[in-house]
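What TrEMBL says about this protein:
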DOMAIN    36-163  domain 'Casparian strip membrane protein'
REGION    1-24  region 'Disordered'
TRANSMEM  41-60  transmembrane segment
TRANSMEM  72-96  transmembrane segment
TRANSMEM  108-135  transmembrane segment
TRANSMEM  155-176  transmembrane segment
Amino acid sequence: MFVSRPAVHPVEAPPLTDAAENPPRVRMKDIQGMPGTPGGLALRFFQFAFAVAALGVMVSTSDFASVTAFCYLVAAVILQCLWSISLAFLDIYALLVQRSLRNTRALCMFTIGDGITSTLTFAAACASAGITVLIGNDLNVCSQNHCTSFETATAMAFISWFAVSPSFLLNFWSLASR
């Protein structure tokens, strides 16, 4: 009996579609508060405004230089002012020319700068708060010092730190999600 044997012929498989298995990566939408967005510009403005308020109130007192924590607060908010206003100008530029500031190097720089300035501002505000509590509550010498001005400057520094924290967290999150 003559029986044919099945022959195996290689057949090419259809090419796998990349779109079906691996959809193209979609860039995360710009979340308000990130660099180059109106929300980011607003955060930078608030950081700058409250840091300037803290600086102005602290410098308006005559005896802030006698306490190291207050000098540290002044130095920290000066750095915060410079950092916030420079990034605010960068945000304005990005908004005017409609550019995204999602470059990895730029985000790394923003994240490191926000982390440093927020840490310094928070530490200075905490140190100043400790000194104001010492002067006001423990030593009871508010009549000889400008306790209200010191407390106001410390509060403005804390509010500036509260405005820096979302910027840092959003930049860090965006950098980590790459």
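In case you wondered, yes, glycine gets a Cβ from its N, Cα and C as well.
TrEMBL: automatically predicted annotations, no manual curation.
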Tertiary contacts of the transmembrane segment (72-96) (same chain, 6+ residues out, Cβ under 8 Å):
35-38, 40-41, 44-45, 47-48, 51-52, 54-55, 58-59, 64, 110, 113-114, 117, 120-121, 123-125, 127-128, 153-154, 157, 160, 164
Long-range Cβ neighbours of the transmembrane segment (108-135) (under 8 Å; 6 or more residues past either end):
35, 51, 67, 69-70, 72-73, 75-77, 79-80, 83-84, 87, 101, 141-142, 145, 147, 150-151, 153-154, 157-158, 160-161, 164-165, 167-168, 171-172, 175
Short question: which residues 6 or more past the ends of the transmembrane segment (155-176) have a Cβ under 8 Å from it?
28, 31, 33-35, 40, 43-44, 46-47, 50-51, 53-54, 57, 73, 76-77, 80, 84, 102, 104, 107-108, 110-111, 114-115, 117-118, 121-122, 124-125, 128-129
Using DSSP, how many residues of the domain 'Casparian strip membrane protein' (36-163) fall into helix, strand and coil, respectively?
108 helix, 0 strand, 20 coil
